[in-house]
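Positions annotated as [2Fe-2S] cluster 1 binding site by TrEMBL: C20, C25, C28, C50. Per TrEMBL, the feature domain 'FAD-binding PCMH-type' maps to 198-383. Feature annotation from TrEMBL assigns FAD binding site to V226, V227, V228, G229, N230, T231, E232, V233, F306, D329, L373, K391. As annotated by TrEMBL, Mo-molybdopterin binding site applies to Q713, F744, R855, A1022. The substrate binding site annotation in TrEMBL covers E748, R823, F857, T953. What TrEMBL lists as active site, proton acceptor is E1204.
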Amino acid sequence: MTLLTYLRRKLGLTGTKLGCAEGGCGACTVMLSRYQTHTQQLLHYAVNACLAPLCSLHLVAVTTVEGIGSVARKLHPVQERIARSHGSQCGFCTPGIVMSMYALLRNNATPKMADVEEAFHGNLCRCTGYRPILEGYKTFTTLMFRIFNVNCVFVSVQESPSLFNAADFAPFDPTQEIIFPPELMSLTKGQGSASLRFHGDRATWLQPASLDEFLRLKWKHPDARVVVGNTEVGIEVKFKNMVYPVILAPAFIPELNAVTHTEDGVVFGAACTLSHMGAVLRQEVETRPPHQTQVFLAVLEQLRWFAGLQIRNVAAVGGNIMTASPISDLNPVFMAAGCRLTLMDRDGSRVVRMDEGFFCGYRKTSVRPQEVLLSIEIPYSKKTQFVSAFKQSPRREDDISTVTAAMSVTFAPGTAVVEDLRLSYGGMAAVTALAGKTAARLLGRRWGEELLQDACSSLAEEMTLDPSAPGGMVTYRRTLTLSLFYKFYLTVLHKLREQAVPSDCLSAAEVYHPETPSGVQIYQVNTVVLDDVVGRPMMHLSALKQATGEAVYCDDVPLYENELYLALVTSSKAHAHILSIDSSVAEAMPGVACCVFAEDIPGSNAVGPITYDETVLADGQVTCVGHIIVTENSPTKKVLKLASILNICSQSFYQPIRTIESGDLEAGFKQADHILEGEMHIGGQEHFYLETNVTLAVPKGEDGEMELFVSTQSASKTQLLVAKVLGVPANRVVVRVKRMGGGFGGKETRTTVLSTVVAVAANKPVRCMLDRDEDMLVTGGRHPFYGKYKVGFLNSGKVVALDVSYYSNAGNSMDLSLSIVERALFHMENSYSVANVRGRGFVCRTNLPSNTAFRGFGGPQGMMVTESWMTDVAQSLGRPAEEVRRLNLYVEGESTPYNQILDQLTLDRCWDQCLQRSGYQQRRAAADLYNRQNRWTKRGLAIVPTKFGISFTAAFLNQAGALVHIYTDGSVLLTHGGTEMGQGLHTKMVQVASRVLGIPCSKIHISETSTNTVPNTSPTAASASSDLNGAAVVNACQTLLQRLAPYKTLNPKGSWEDWVKAAYFDRVNLSANGFYKTPDLGYSFDTNSGRAFNYFTYGVACSEVEIDCLTGAHKNLSTTIVMDVGHSLNPAIDIGQVEGAFMQGLGLFTLEELHYSPRGVLLTRGPGSYKIPAFGDIPTQLTVSLLRDAPNDKAIFASKAVGEPPLFLAASVFYAIKDAISAARVESGVSGPFRLDSPASAERIRTACCDRFTKLVQ
């Protein structure tokens, strides 16, 4: 049992969240405290509770988020500051982030900003964009005052004060923290080391007290797994179904934790944690001569990016060696340095060197079964020795290496002649490999250009990979072996000082050190009425509860008596007939109540959000890997017999094929001076909401009634489909949604995949929360798009004709795919006026899990292709891209291809302000100068607009309801049809009601969204929820005000409570329904007429990046966003939405990649393999400005929708990368348009920067 399971299920402490179960997201972070007898000091450290075995925590104090503060009792400053700085949106990640910061402060009460950033390497957030979290926690650091000065420089106080006032924060007093339990200290001192033995059904945990006992146990159990931090075995047991009957846990044996200094180096016991090793090596670097610490610096460089801090705090150096991972970050350093290992068994010890013979096969070493690794000696470097380490991965923070390398060269004293050379690579073979042949060829050679040429040629021959090598990216990985050696070559050449490194190559040898990000937020202050909360940066209503762990999510609902847990059995085939299902083994297992099959469904097995083309449970055949076949109440593998059949044939499109055509396409192309054609692929994206899909179904015992607690954006759709599969009317089903831990569209329709099967299985209360890997496998994500275009344009750059086709990968069912491709067509011209257009949209059927809604809903894919051809036009003409974009921008009164006239257009204002605020021209000049001065790093800029239509494109969904109760004490209960997923909808609705009713927000409460209060609700989607539900709330509140008006007239000086009581005693109804429908909507594809959208949200972003042409890595230097959100209802929430959407778009366009096997199995099923942006991916300078004086007369209180529109602005980073690549290609004599697919991964960037190294491996 893990600590997380124990906390949540045994103790009911649900503040600690389950996000991934693999230590990759940080949602489960807690603090452990242990008294160390050898140092007589307390050790506090953050860990992942999802990986911490309960039996490893003897004599350890565990502090959870509930233990440091609460809303009812007293908030801890760490909790208060993240909430009041607007750093908590959905809140599911918040407790983990709070505990990471808390653990840091327990060890260092005045940390540097770099310490804060390091503390969050193991934490992810999908909502906020990270900036407000760092801003709030900067107040604990020594940088606090400097940061405030930075904000004051850029922002006039009159225009927009800070979104929060740090002076209001409770002071932090480190002397008032919880003490270590005296009982534990006494026990620790009294017991010393004691042997422990825990017996379970499948494993025995043995914790020896001494080295002798450990050696005896290893001799007795040679196949036993040795566990210290459980960071490897925990993953194997959870995800690979590995069973280890005997586990040895020697974590507290003194000899295995000892650190000793010898004449040759530092010896670390094998159980020393990576954090401890790093601290010791940093001390050595500070105190020893630089020439002795070259190896230490190389180790520290790798540790900087090794997993998250929670992992490093428990993972042992010995475990890293003995797992023998071929992509280990540290093993190449140990091999290049020739580290010595001490091995021991019952009969004695031996010393071996980490060389080419140590790793003898995939995940195998030369250590004998009865032996244990006692220690590793990391040597001091010599005076003429130079050592460097490199790691290239898709994301810098907490990511698995693509290629990792360590290189050591020793020169003959006083010369540049190579005396010894060791080149060690990870990720280039089944083991960590030494490039022995290359090294041998270079011995005795002088370090210079000739050596470089021979080395690269030799490495290209020696470091080869089979085209089908695991991990793919073969050409990229081979290129990296050369690129990383070249970096090493330049680094050593610079240090030798025998010959000057060309100035334009110096940046290639620089070691990356991130700058502390800074942010500026600019908004228009509401100064009309002091008591009016609308337009003010009010904190998210649940933020404090989320920061203390008191906010209740679906799986936090206490267990019911006799509750069962449902597990899914899914298809391992992409397309197959089910011949038979044998469930006898599963049903015979202890604890399994029953299995549920398609024939057990009392109602209909046919479901789907629009078209009923899906099944609750597979019946006869499966159409994707992850198709649900059976459910049962034990997570046990089932025996399923499936017969493969042919995949769906090509040309398999869902109908209809949509077309929008405007103008005369043929005439447009005849008018054009130039015509170009191109294509682009945009990859899919996983929603990665921190809270996975979860449903709790409770049968009520009569009339077929059932109550469901669901994490869904679509309560009414869930109600209808559950009723359908149960064979009861919808009035027997109540769906309740308190809050979601993120949604982003992923919980609009795909939640019913789970809620329907849970409802079918629920003869008694049944719960299911999907594991992260299950959720990613089953629920689908953003549609991958392939776009083909033909564009005609004039010499001036004016585009006069466009013919574009979009192909969308729908997956194995229709879901919302037609609406998504329709929205892509509605955005095919983005913000540009093109007189002659034809757009066609094809929805492709494939044997993958059905793709679905995702923030932007096809709009980003449509606009991404637009910006591709716009960039091509500029490059083909040799004109600046910003000039061509500006030339083609819409102007007021022009018509879209779907014949909607644009009024209240603010694109030009957004564009001009973005240019001015970003200092675009100065940045462009500086980037051009930088590019002339640097060969191997290049900078790029791009400025990109967006025009996003607001409304559901299905007109009937543009409606909303609200229900408002006023109680006799004056308190107000507000319910509306929208759901809260972190976007602050409930907060905005309370603000709206507060303004209309004229009462403080403290008198208004929203409990939940439920189908028995507001019926027939539309999904919380399309960015329209504030518009729709806000208008419905106004309608209900105005009705109540009219009823209260006579009593206000009679008693004008009375209080709100006086008027309410007077009305009650006069038998006036103090409850009112509200309703709203958006007027004048309804577009027809057949006639290309009617209003598709109520209005448009506009924005412009300018981004600058720097790419490393040798590795493909990039840095996000700056982003300036100007967003037209009308009169913001809540600037703090709206700026949070802009930043969060931007960072999600940054992931879509530069980082996140879904990988499938040839048989349709999703390979990226968790944070270990699927990388969303982390804290370190924020632009170093991020400015968000909400456009002033831009009221919108078509939405509530002149506001505009904000949830989805900003996401596409992250394309400015993609096209800045493309701009930088163009500069690199010019160096190689290549110019003009080129294809760059999305995301702009490190692999794609490196490959596009064609140079002499790429040519060597082609």
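Placement of Cβ uses the backbone N, Cα and C atoms for every residue, glycine included.
Rounded to a whole value, the Cα-Cα separation of F857 (substrate binding site) and V228 (FAD binding site) is 45 Å. Looking only at the binding-site residues C20, C50, A1022, the one with its C-alpha closest to R823 (substrate binding site) is A1022.
For E232 (FAD binding site) paired with C28 ([2Fe-2S] cluster 1 binding site), the C-alpha to C-alpha distance reads 17 Å. A C-beta separation below 8 Å, combined with a sequence spacing of at least six in one chain, links V226 (FAD binding site) to K218, I247, L248, A249, P250, G318, G319, M322, V372. Summarising the FAD site geometry, the residues cited as binding it (V226, V227, V228, G229, N230, T231, E232, V233, F306, D329, L373, K391) extend over a maximum Cα to Cα distance of 27 Å. On a Cα basis, R855 (Mo-molybdopterin binding site) lies 5 Å away from E1204 (active site, proton acceptor). Here the candidates are the binding-site residues C20, C28, V228, L373, and by Cα distance the one nearest F744 (Mo-molybdopterin binding site) turns out to be C20.
Neighbours of A1022 (Mo-molybdopterin binding site) among the binding-site residues C20, C28, V228, F306, L373, defined as a Cα within 10 Å of its Cα, are absent: none qualifies.
The domain 'FAD-binding PCMH-type' (198-383) scores a mean pLDDT of 95 in the predicted structure. Counting only the Cα atoms, the space from E748 (substrate binding site) to R855 (Mo-molybdopterin binding site) is about 11 angstrom. Across the structure, C20 ([2Fe-2S] cluster 1 binding site) and F306 (FAD binding site) are spaced 18 Å apart at their Cα atoms.
Taking CA atoms as the reference points, V228 (FAD binding site) and C25 ([2Fe-2S] cluster 1 binding site) are 21 Å apart.
Close to the recorded [2Fe-2S] cluster 1 site, the chain also has L4, K17, L18, G19, A21, E22, G23, G24, G26, A27, N48, A49, G96, R772, P1167: residues not among C20, C25, C28, C50 whose Cβ is within 8 Å of the site's Cβ mean position.
When the Cα atoms are compared, C50 ([2Fe-2S] cluster 1 binding site) and N230 (FAD binding site) turn out to be 10 Å apart.
C28 ([2Fe-2S] cluster 1 binding site) sits 19 Å from F306 (FAD binding site), taking the Cα positions as reference. It is C25 that, of the binding-site residues C20, C25, V228, L373, A1022, has its Cβ surrounded by the most other Cβ atoms within 10 Å. Between the recorded positions E232, E1204, the minimum number of other C-beta atoms within 10 Å of a residue's C-beta occurs at E232.
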